[in-house]
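Feature annotations, courtesy of TrEMBL:
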DOMAIN    37-268  domain 'HpcH/HpaI aldolase/citrate lyase'
BINDING   Arg102, Glu165  substrate binding site
BINDING   Glu165, Asp200  Mg(2+) binding site
Amino acid sequence: MIYLAQTSSSICRKAPKAKQHWTRSISTPARPTSLTRSYLYVPASSDRMLEKSISCGSDVIIYDLEDSVSPAMEDKQAARTRLKKFLEDQQHRLKSLHVAVRVNDITTPFFRDDISQIVSQSTVKSLILPKIHSHYDLDSVSDEVSVSRKLALDLPPLRVIPSIESARAIWNIGSISAWKSTHGPISGGVLSGLLFAAEDYCADTGIIRTASRRELLFTRSQIVIAAKAFGHEAIDMVCVNYRDLQTLQEECLDGRQLGFTGKQAIHPSQVDVINSTFVPTRDEINRAARILQAMQKAHDSQKGAVGLDGTMIDAPMIKQAQKIIDLAQTAGLSIPTLT
(Lines of atoms letter the chains of each structure in order from A and count residues from 1; the text may use other names and numbers.)
(Lines give C-alpha, C1' and ligand atoms only; values in the text may rest on other atoms or scores of the structure.)
Protein backbone atom coordinates (compact mmCIF):
# COMPACT_ATOMS: atom_id res chain seq x y z
CA MET A 1 0.00 0.00 0.00
CA ILE A 2 1.28 3.48 -0.86
CA TYR A 3 -0.03 6.22 1.38
CA LEU A 4 1.00 9.84 1.34
CA ALA A 5 -0.22 11.98 4.20
CA GLN A 6 0.43 15.61 5.00
CA THR A 7 3.36 16.01 7.39
CA SER A 8 5.48 18.80 8.86
CA SER A 9 8.53 17.80 6.84
CA SER A 10 11.94 19.41 6.65
CA ILE A 11 10.93 20.68 3.23
CA CYS A 12 8.22 22.79 4.83
CA ARG A 13 10.68 24.17 7.38
CA LYS A 14 13.15 25.19 4.68
CA ALA A 15 10.51 27.00 2.70
CA PRO A 16 8.18 28.66 5.21
CA LYS A 17 6.55 30.86 2.58
CA ALA A 18 5.39 27.87 0.58
CA LYS A 19 2.32 26.39 2.19
CA GLN A 20 1.92 22.76 1.26
CA HIS A 21 -1.47 21.26 0.50
CA TRP A 22 -2.11 17.69 -0.52
CA THR A 23 -4.50 17.26 -3.42
CA ARG A 24 -5.58 13.87 -2.04
CA SER A 25 -4.40 11.16 0.34
CA ILE A 26 -5.22 7.70 -0.96
CA SER A 27 -4.15 4.12 -1.09
CA THR A 28 -2.92 2.73 -4.39
CA PRO A 29 -5.94 2.72 -6.73
CA ALA A 30 -6.97 0.02 -9.15
CA ARG A 31 -3.95 -0.60 -11.33
CA PRO A 32 -3.82 1.77 -14.33
CA THR A 33 -3.05 -0.10 -17.52
CA SER A 34 -0.47 2.53 -18.52
CA LEU A 35 1.84 1.54 -15.67
CA THR A 36 4.44 -1.10 -16.48
CA ARG A 37 6.39 -1.63 -13.27
CA SER A 38 5.84 -5.33 -12.57
CA TYR A 39 5.97 -8.20 -15.07
CA LEU A 40 4.76 -11.43 -13.48
CA TYR A 41 5.40 -14.77 -15.20
CA VAL A 42 2.47 -17.20 -15.01
CA PRO A 43 2.89 -20.80 -16.26
CA ALA A 44 0.39 -21.59 -19.01
CA SER A 45 0.50 -25.22 -17.87
CA SER A 46 -1.56 -24.57 -14.72
CA ASP A 47 -5.30 -23.85 -14.72
CA ARG A 48 -5.08 -22.76 -11.09
CA MET A 49 -2.32 -20.24 -11.74
CA LEU A 50 -4.04 -18.89 -14.83
CA GLU A 51 -7.17 -18.20 -12.81
CA LYS A 52 -5.28 -16.63 -9.90
CA SER A 53 -3.30 -14.36 -12.24
CA ILE A 54 -6.30 -12.15 -12.94
CA SER A 55 -6.22 -10.73 -9.42
CA CYS A 56 -2.45 -10.80 -8.86
CA GLY A 57 -2.02 -7.02 -9.09
CA SER A 58 0.85 -7.12 -11.58
CA ASP A 59 0.95 -4.30 -14.11
CA VAL A 60 1.83 -6.80 -16.84
CA ILE A 61 0.87 -10.48 -16.70
CA ILE A 62 3.17 -12.70 -18.79
CA TYR A 63 1.56 -16.02 -19.63
CA ASP A 64 4.51 -18.29 -20.23
CA LEU A 65 4.73 -20.97 -22.92
CA GLU A 66 8.51 -21.27 -22.70
CA ASP A 67 10.65 -22.14 -19.66
CA SER A 68 7.85 -22.93 -17.21
CA VAL A 69 6.42 -25.59 -19.53
CA SER A 70 8.03 -28.99 -20.04
CA PRO A 71 9.85 -29.24 -23.42
CA ALA A 72 7.90 -32.38 -24.35
CA MET A 73 5.81 -31.81 -27.49
CA GLU A 74 2.57 -32.92 -25.85
CA ASP A 75 3.12 -30.62 -22.87
CA LYS A 76 3.84 -27.62 -25.08
CA GLN A 77 0.72 -28.31 -27.13
CA ALA A 78 -1.41 -28.77 -24.02
CA ALA A 79 -0.18 -25.51 -22.48
CA ARG A 80 -0.84 -23.60 -25.70
CA THR A 81 -4.35 -25.02 -26.00
CA ARG A 82 -5.05 -24.30 -22.33
CA LEU A 83 -3.87 -20.71 -22.65
CA LYS A 84 -5.85 -20.05 -25.82
CA LYS A 85 -9.04 -21.33 -24.20
CA PHE A 86 -8.36 -19.27 -21.08
CA LEU A 87 -7.82 -16.09 -23.12
CA GLU A 88 -11.05 -16.68 -25.02
CA ASP A 89 -13.17 -17.68 -22.02
CA GLN A 90 -11.90 -14.86 -19.79
CA GLN A 91 -11.84 -12.14 -22.42
CA HIS A 92 -14.24 -9.90 -20.50
CA ARG A 93 -12.07 -10.09 -17.36
CA LEU A 94 -8.76 -9.68 -19.16
CA LYS A 95 -9.59 -6.83 -21.53
CA SER A 96 -8.69 -4.14 -18.97
CA LEU A 97 -5.39 -5.83 -18.04
CA HIS A 98 -2.02 -5.73 -19.77
CA VAL A 99 -1.70 -9.30 -21.00
CA ALA A 100 1.57 -10.51 -22.49
CA VAL A 101 2.61 -13.95 -23.69
CA ARG A 102 6.13 -15.36 -23.74
CA VAL A 103 6.29 -17.68 -26.72
CA ASN A 104 8.94 -20.30 -27.43
CA ASP A 105 11.96 -19.02 -29.30
CA ILE A 106 12.20 -18.95 -33.08
CA THR A 107 14.53 -21.96 -33.31
CA THR A 108 12.04 -24.34 -31.69
CA PRO A 109 9.34 -26.40 -33.43
CA PHE A 110 6.77 -24.74 -31.16
CA PHE A 111 7.27 -21.14 -32.26
CA ARG A 112 4.99 -20.98 -35.29
CA ASP A 113 2.05 -22.60 -33.56
CA ASP A 114 2.53 -20.30 -30.58
CA ILE A 115 2.34 -17.27 -32.86
CA SER A 116 -0.55 -18.50 -35.01
CA GLN A 117 -2.76 -19.28 -32.02
CA ILE A 118 -1.85 -16.38 -29.76
CA VAL A 119 -1.29 -13.11 -31.63
CA SER A 120 -4.81 -12.93 -33.05
CA GLN A 121 -6.26 -12.92 -29.52
CA SER A 122 -7.63 -9.44 -28.80
CA THR A 123 -6.59 -9.61 -25.13
CA VAL A 124 -2.88 -10.10 -25.93
CA LYS A 125 -1.17 -6.72 -25.94
CA SER A 126 2.50 -7.78 -25.86
CA LEU A 127 4.78 -10.59 -26.98
CA ILE A 128 7.84 -11.50 -24.92
CA LEU A 129 10.45 -12.96 -27.26
CA PRO A 130 13.19 -15.15 -25.75
CA LYS A 131 16.65 -15.61 -27.23
CA ILE A 132 16.67 -12.61 -29.53
CA HIS A 133 20.28 -12.16 -30.63
CA SER A 134 19.93 -9.61 -33.45
CA HIS A 135 17.42 -7.51 -35.35
CA TYR A 136 17.25 -10.29 -37.93
CA ASP A 137 15.58 -12.47 -35.31
CA LEU A 138 12.97 -9.75 -34.85
CA ASP A 139 12.41 -9.69 -38.61
CA SER A 140 11.71 -13.42 -38.51
CA VAL A 141 9.22 -12.98 -35.68
CA SER A 142 7.52 -10.09 -37.44
CA ASP A 143 7.16 -12.07 -40.67
CA GLU A 144 5.38 -14.82 -38.77
CA VAL A 145 3.21 -12.38 -36.83
CA SER A 146 2.10 -10.64 -40.02
CA VAL A 147 0.78 -13.90 -41.43
CA SER A 148 -1.41 -14.46 -38.38
CA ARG A 149 -2.62 -10.86 -38.14
CA LYS A 150 -3.16 -10.05 -41.81
CA LEU A 151 -6.94 -10.20 -41.44
CA ALA A 152 -7.05 -8.76 -37.91
CA LEU A 153 -7.21 -5.11 -38.93
CA ASP A 154 -9.31 -4.14 -35.91
CA LEU A 155 -6.58 -5.13 -33.45
CA PRO A 156 -4.28 -2.52 -31.86
CA PRO A 157 -0.53 -2.61 -32.54
CA LEU A 158 1.14 -5.63 -30.95
CA ARG A 159 3.94 -4.68 -28.57
CA VAL A 160 7.14 -6.66 -28.99
CA ILE A 161 9.62 -7.06 -26.12
CA PRO A 162 12.85 -8.95 -26.92
CA SER A 163 14.62 -10.78 -24.11
CA ILE A 164 18.31 -9.88 -23.94
CA GLU A 165 20.08 -13.01 -22.78
CA SER A 166 23.33 -13.48 -24.71
CA ALA A 167 26.64 -11.80 -25.51
CA ARG A 168 25.49 -11.48 -29.13
CA ALA A 169 22.38 -9.63 -28.04
CA ILE A 170 24.41 -7.12 -26.04
CA TRP A 171 26.80 -6.72 -28.98
CA ASN A 172 23.80 -5.95 -31.22
CA ILE A 173 21.78 -4.05 -28.62
CA GLY A 174 21.65 -0.81 -30.62
CA SER A 175 20.19 -2.35 -33.77
CA ILE A 176 17.79 -4.45 -31.71
CA SER A 177 16.44 -1.38 -29.93
CA ALA A 178 16.21 0.59 -33.19
CA TRP A 179 14.28 -2.18 -34.98
CA LYS A 180 11.03 -1.44 -36.82
CA SER A 181 8.82 -3.96 -38.55
CA THR A 182 8.57 -3.73 -42.33
CA HIS A 183 4.97 -4.91 -41.96
CA GLY A 184 3.94 -1.95 -39.79
CA PRO A 185 2.99 -1.90 -36.09
CA ILE A 186 -0.43 -3.56 -36.45
CA SER A 187 0.54 -6.42 -38.74
CA GLY A 188 4.15 -6.88 -37.67
CA GLY A 189 4.43 -5.49 -34.16
CA VAL A 190 6.14 -2.50 -32.58
CA LEU A 191 9.11 -2.75 -30.23
CA SER A 192 8.19 -1.30 -26.83
CA GLY A 193 10.82 -2.53 -24.38
CA LEU A 194 14.01 -4.45 -23.68
CA LEU A 195 13.97 -7.20 -21.05
CA PHE A 196 17.08 -8.54 -19.31
CA ALA A 197 17.27 -12.30 -18.70
CA ALA A 198 20.20 -12.38 -16.29
CA GLU A 199 20.44 -16.12 -15.67
CA ASP A 200 20.52 -16.96 -19.38
CA TYR A 201 23.02 -14.17 -19.98
CA CYS A 202 25.35 -15.45 -17.27
CA ALA A 203 25.09 -18.98 -18.63
CA ASP A 204 26.01 -17.71 -22.08
CA THR A 205 28.92 -15.52 -20.98
CA GLY A 206 30.30 -17.48 -18.03
CA ILE A 207 29.71 -14.56 -15.67
CA ILE A 208 29.49 -15.64 -12.03
CA ARG A 209 26.61 -14.07 -10.12
CA THR A 210 27.32 -12.38 -6.79
CA ALA A 211 25.11 -10.67 -4.23
CA SER A 212 26.58 -7.28 -5.16
CA ARG A 213 25.37 -7.52 -8.81
CA ARG A 214 28.53 -5.62 -9.72
CA GLU A 215 29.40 -8.11 -12.46
CA LEU A 216 26.17 -7.17 -14.29
CA LEU A 217 26.43 -3.39 -13.94
CA PHE A 218 27.84 -2.79 -17.42
CA THR A 219 25.30 -5.05 -19.12
CA ARG A 220 22.31 -3.65 -17.27
CA SER A 221 23.45 -0.10 -18.00
CA GLN A 222 23.82 -0.92 -21.69
CA ILE A 223 20.25 -2.21 -21.80
CA VAL A 224 18.89 0.92 -20.11
CA ILE A 225 20.81 3.24 -22.43
CA ALA A 226 19.70 1.38 -25.56
CA ALA A 227 16.09 1.31 -24.40
CA LYS A 228 15.95 4.98 -23.45
CA ALA A 229 17.66 6.03 -26.69
CA PHE A 230 14.60 4.84 -28.60
CA GLY A 231 11.88 5.57 -26.05
CA HIS A 232 11.37 2.00 -24.83
CA GLU A 233 10.74 0.46 -21.43
CA ALA A 234 13.77 -1.06 -19.67
CA ILE A 235 12.79 -4.18 -17.71
CA ASP A 236 15.20 -5.46 -15.10
CA MET A 237 16.11 -9.05 -14.21
CA VAL A 238 14.23 -11.50 -12.02
CA CYS A 239 15.11 -11.71 -8.33
CA VAL A 240 15.43 -15.49 -8.11
CA ASN A 241 15.34 -15.48 -4.28
CA TYR A 242 11.59 -15.02 -4.41
CA ARG A 243 11.09 -15.59 -0.66
CA ASP A 244 13.66 -12.94 0.27
CA LEU A 245 11.73 -9.68 -0.04
CA GLN A 246 14.59 -7.67 1.46
CA THR A 247 16.91 -8.71 -1.37
CA LEU A 248 14.11 -7.95 -3.82
CA GLN A 249 13.72 -4.48 -2.35
CA GLU A 250 17.45 -3.85 -2.73
CA GLU A 251 17.40 -5.06 -6.33
CA CYS A 252 14.41 -2.86 -7.11
CA LEU A 253 16.08 0.24 -5.66
CA ASP A 254 19.27 -0.58 -7.54
CA GLY A 255 17.37 -1.11 -10.78
CA ARG A 256 15.40 2.11 -10.49
CA GLN A 257 18.58 4.06 -9.77
CA LEU A 258 20.12 2.62 -12.94
CA GLY A 259 17.11 3.80 -14.96
CA PHE A 260 15.05 0.64 -15.30
CA THR A 261 11.32 1.31 -15.50
CA GLY A 262 10.15 -2.07 -14.20
CA LYS A 263 11.16 -5.53 -13.07
CA GLN A 264 10.21 -9.14 -13.77
CA ALA A 265 8.63 -11.30 -11.06
CA ILE A 266 8.32 -15.06 -10.70
CA HIS A 267 6.03 -15.12 -7.67
CA PRO A 268 2.95 -13.03 -6.76
CA SER A 269 4.55 -12.08 -3.44
CA GLN A 270 7.11 -10.00 -5.36
CA VAL A 271 4.56 -7.80 -7.10
CA ASP A 272 3.77 -5.35 -4.29
CA VAL A 273 7.44 -4.65 -3.58
CA ILE A 274 8.14 -3.99 -7.26
CA ASN A 275 5.08 -1.79 -7.71
CA SER A 276 5.83 0.31 -4.63
CA THR A 277 9.50 0.78 -5.52
CA PHE A 278 9.24 1.72 -9.19
CA VAL A 279 7.37 4.93 -8.37
CA PRO A 280 8.69 8.18 -6.90
CA THR A 281 9.04 8.45 -3.14
CA ARG A 282 7.18 11.13 -1.20
CA ASP A 283 10.41 13.12 -0.82
CA GLU A 284 11.08 12.90 -4.56
CA ILE A 285 7.55 14.10 -5.31
CA ASN A 286 7.86 16.98 -2.83
CA ARG A 287 11.17 18.13 -4.27
CA ALA A 288 9.97 17.80 -7.86
CA ALA A 289 6.93 19.96 -7.09
CA ARG A 290 9.13 22.58 -5.44
CA ILE A 291 11.52 22.56 -8.40
CA LEU A 292 8.69 23.14 -10.86
CA GLN A 293 7.28 25.92 -8.71
CA ALA A 294 10.69 27.60 -8.29
CA MET A 295 11.39 27.48 -12.01
CA GLN A 296 7.97 28.85 -12.85
CA LYS A 297 8.66 31.81 -10.58
CA ALA A 298 12.11 32.22 -12.18
CA HIS A 299 10.63 32.18 -15.68
CA ASP A 300 7.99 34.69 -14.62
CA SER A 301 10.91 36.92 -13.57
CA GLN A 302 12.67 36.24 -16.90
CA LYS A 303 15.36 34.09 -15.29
CA GLY A 304 16.67 30.83 -16.76
CA ALA A 305 18.00 29.30 -13.54
CA VAL A 306 17.36 29.59 -9.83
CA GLY A 307 18.80 28.28 -6.57
CA LEU A 308 16.87 25.88 -4.35
CA ASP A 309 18.24 24.57 -1.05
CA GLY A 310 21.75 25.48 -2.14
CA THR A 311 21.45 23.71 -5.51
CA MET A 312 21.27 25.42 -8.88
CA ILE A 313 18.11 24.44 -10.74
CA ASP A 314 18.07 24.63 -14.52
CA ALA A 315 16.40 23.03 -17.56
CA PRO A 316 17.65 19.42 -17.14
CA MET A 317 16.40 19.30 -13.56
CA ILE A 318 13.04 20.64 -14.72
CA LYS A 319 12.78 17.77 -17.18
CA GLN A 320 13.53 15.22 -14.47
CA ALA A 321 11.11 16.86 -12.04
CA GLN A 322 8.31 16.80 -14.61
CA LYS A 323 8.92 13.10 -15.24
CA ILE A 324 8.63 12.41 -11.52
CA ILE A 325 5.33 14.30 -11.26
CA ASP A 326 3.95 12.62 -14.38
CA LEU A 327 4.78 9.14 -13.06
CA ALA A 328 3.35 9.96 -9.64
CA GLN A 329 0.11 11.13 -11.22
CA THR A 330 -0.12 8.01 -13.37
CA ALA A 331 0.38 5.87 -10.26
CA GLY A 332 -2.37 7.74 -8.43
CA LEU A 333 -0.03 9.19 -5.80
CA SER A 334 -0.70 12.45 -3.98
CA ILE A 335 0.83 15.55 -5.54
CA PRO A 336 1.38 18.59 -3.30
CA THR A 337 0.31 22.01 -4.53
CA LEU A 338 2.53 24.81 -3.28
CA THR A 339 1.25 28.34 -2.76
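Using the three backbone atoms N, Cα and C, a Cβ is placed for every residue, glycine included.
Neighbour counts of Cβ atoms within 10 Å were compared for the binding-site residues Glu165, Asp200, and the top value is held by Glu165. Around Arg102 (substrate binding site), taking its Cβ as the centre, 26 other Cβ atoms fall within 10 Å, counting all chains. Arg102 (substrate binding site) sits 15 Å from Asp200 (Mg(2+) binding site), taking the CA atoms of both as reference points.
According to DSSP, Glu165 (substrate binding site) sits in a coil region rather than a helix or strand. Rounded to a whole number, the distance between the Cα atoms of Asp200 (Mg(2+) binding site) and Glu165 (substrate binding site) is 5 Å.
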